[in-house]
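To keep things clear, I will list the structure first and then write my remarks on it.
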Amino acid sequence: MAHPHLLAERISRLSSSLEKGLYERSHAIRLCLLAALSGESVFLLGPPGIAKSLIARRLKFAFQNARAFEYLMTRFSTPEEVFGPLSIQALKDEGRYERLTSGYLPEAEIVFLDEIWKAGPAILNTLLTAINERQFRNGALVEKIPMRLLVAASNELPEADSSLEALYDRMLIRLWLDKVQDKANFRSMLTSQQDENDNPVPASLQITDEEYERWQKEIGEITLPDHVFELIFMLRQQLDKLPDAPYVSDRRWKKAIRLLQASAFFSGRSAVAPVDLILLKDCLWYDAQSLNLIQQQIDVLMTGHAWQQQGMLTRLGAIVQRHLQLQQQQSDKTALTVIRLGGIFSRRQQYQLPVNVTASTLTLLLQKPLKLHDMEVVHISFERSALEQWLSKGGEIRGKLNGIGFAQKLNLEVDSAQHLVVRDVSLQGSTLALPGSSAEGLPSEIKQQLEELESDWRKQHVLFSEQQKCLFIPGDWLGRIEASLQDVGAQIRQAQQC
């Protein structure tokens, strides 16, 4: 693939030209363009009058000298109206059954069939062969047809368990369109003077027949990396577990892979990337219910697994758990231990401070911060005399939170290990230790693991940033993925500060 980034830029400019004068149809144009560039079919679902036919007409201008055919199906439509009339002369003179196909579907590169589900069996059967094999049986001859894009449209879905399902399954991309929603776009649409049938594409951007044929071969050379296949298989397994998931044929999966290859190719990449998998949201649904379900499952895949978000959070959880274990071990070693005094006749157990604690004011560190009296507290200052009296006689004990202000009443106790423990209103406790006896900062083991995890996170974020330049993926999906990665990064940084 020569100059992949130049090709990606050209396709982006081509799409922008095709989108001119069409409001809130950028995604539809881009996916129809991708379908045309990879030889696939598109189904547009939506009410009348929302530019479905105009989208198909625009795609003709993506190619030099492309021929277009469009037809509105009715229940009375005949094969002659779609595939061409019979040649009376050939039948009369030579007894040959032959159609005159000039100007009809068999000789068109871009085909638009409106109200597709109203077509009769004779049309549907011939259409299936045309889509599957790009061939048309004209009498005794089997002719290759040049169709690059079939756009079928309707305001309804095919009935379940009908003869239409075979044709519906051949339509790889399925788009559900609606009226223009944004107020500014609606106004622009009403006041636009642009002739919708004018060619908006500069000749320099149009695709030649030679380019198209060459690209078909190069699309097939785009690789599918193992980690991307694993994501696809994960999605397939998850869908198989869901009772309401739509049936997705092996044929549809295989055709979808070629679409992903085309997305990568026209984005300037040599391999399919996780970001390309977002296209599956427009390939795997069957009806309104499955549309929402597919989008939910792909959202989980993209925000939880595609860039190892869930895996990194699992690793972070294990690191945090290990840190807590080390903290507990350190707490047992460094906590201030008071001395238990004898006293057979005493109603209350008595204690005293260790002999090496001699300062008149003691500053004791909390092994973990607590919220006391609406303040985040990391250390408490005690008057030595007050603490000795409390250890000996009990009663009320007060200390200055973080060493400032007035001494506040505290819920202090001596645990079974003879450590001083302060508790908050929810009775969460924190062991007290003398300054210098508590470990400072993160243990080296934890620090190293967090640094490695942060390095892996940065690599994943860089990979995502490099893959974002994909014309065919909506920006809101990219935003959700970015948010999921930023959330993982924030949790890692928070753990590093503990």
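We count from 1, first residue shown onward.
Each residue, glycine too, has its Cβ placed from N, Cα and C.
Record features, source Swiss-Prot:
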- Tyr23, Gly49, Ile50, Ala51, Lys52, Ser53, Leu54, Glu196: ADP binding site (BINDING)
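Among the binding-site residues Gly49, Ala51, Lys52, Ser53, Glu196, the residue whose Cβ has the fewest other Cβ atoms within 10 Å is Gly49. Long-range Cβ contacts of Leu54 (ADP binding site) within its own chain (separation 6+, distance under 8 Å): Leu22, Glu196.
DSSP classifies Gly49 (ADP binding site) as coil under the three-state reduction. What surrounds the ADP site, by Cβ distance within 8 Å of the Cβ centroid and not counting Tyr23, Gly49, Ile50, Ala51, Lys52, Ser53, Leu54, Glu196, is the set Leu22, Arg25, Ile55 from the same chain.
Among the residues Tyr23, Gly49, Ile50, Ala51, Lys52, Ser53, Leu54, Glu196 said to bind ADP, no two Cα atoms are farther apart than 14 Å.
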